[in-house]
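As given in TrEMBL:
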type    : residues                                                                        : note
DOMAIN  : 2-75                                                                            : domain 'Quinolinate phosphoribosyl transferase N-terminal'
BINDING : R65, T98, R99, K100, R122, K132, E166, D187, S210, G211, N212, V231, G232, A233 : substrate binding site
DOMAIN  : 78-246                                                                          : domain 'Quinolinate phosphoribosyl transferase C-terminal'
Amino acid sequence: MQGKASFVAKQEGILAGLDVALAVFQRFDNTLTAKSYIQDGERLRPDDLIATVSGRMNPLLKSERTALNFIRMLSGTATVTAEYVQEVDGYDVRIVDTRKTTPGLRALEKYAVRVGGGYNHRQNLGDGILIKDNHIEALNAFGMSLGDVVRKANREKSHTINVEVEVEDLAQVEEALEAGAKILLLDNMEPEEMAVAVRMASGKAVTEASGNITLRTVRAAAASGVDLISVGALTHSAKGLDISLDFTS
C-alpha cells in the first residue's frame, strides 16, 4: 500500500529537527521520498505544512512516532530558547544552555538551542574548567580555599582552556578574581548584587548569571550587565511543540 504523510504544525513556534525526523524514515526505508516546505529556524503557525514523506505505508507507520518525538522535542527547545532571546532583546548578552541534557541527545538538543538563537556552553567536561561549589567543598578537606583551587587549576590546565568558577557572594567574586579566574558564574545572585559583581570583574573576567533563571527574571538579570545567562530549562524542561503527522493513502 502506498501513501503520504504530512508534518503539520498545530501551534506557533520555531521549527528544529526536521532533517533528523526525515532521516528516521530513511533509516526504515531509503526508497521513501520527502519534500520540505519550511526549514529549521523558521517560525511555524498553526496548520503550516512543514514537509511530506511518500512511499510504502508500512515503513511510514513504523517511523511515525520516533520521527515525531524528535521534531516535537527539538522544536520545543528551539521555541523556548527564542522566547528567552526575545526577553533580553536590547541587551548585549547571550542566552546559553547547560549540560542538563537528555542522555545520548546532547548534540541534537544543543543544536536546537542554536536554532532558537541561543549559544552553547560546554559540550562536555573537556571543553573548559568549571569549578563549582562541590569541587570547592571537596578540596576544603585538604585545607584549600576557593582561591587555592582556582590557582591550582590555572597552574595545571592547558593554555587553550579558561577557568570558570561559581561564586555565591561578592567576597567570593573578589577572591576568584585575585586568583585569576577568567569567567565568573554568578550563582543565584540578586540583580543588584550581580551588577556590583559585573563592575568588579570589568576588564578582568567574563560574567555569567545562573541559577533559577526564568522568563520572568531573565530580563532583570540581563539589565545587571552580565555577558552570559545560562538557562538549564532550555533543555531539561522544554515542552514539545505540537506537531502532527497526517496520513493520506
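One-based numbering along the chain as shown.
Cβ coordinates come from backbone N, Cα and C, glycine included.
Take the binding-site residues R65, R99, R122: by the count of other Cβ atoms within 10 Å of each Cβ, the lowest one is R65. Helix first, then strand, then coil: DSSP counts for the domain 'Quinolinate phosphoribosyl transferase N-terminal' (2-75) stand at 30 helix, 24 strand, 20 coil. Ranking the binding-site residues S210, N212 by how many Cβ atoms sit within 10 Å of each one's Cβ puts S210 at the top. The most crowded of the binding-site residues listed here (E166, G232) is E166, judged by how many other CB atoms sit within 10 Å of its own CB.
Each residue in the domain 'Quinolinate phosphoribosyl transferase N-terminal' (2-75) has a pLDDT score, and their mean in this model is 97.
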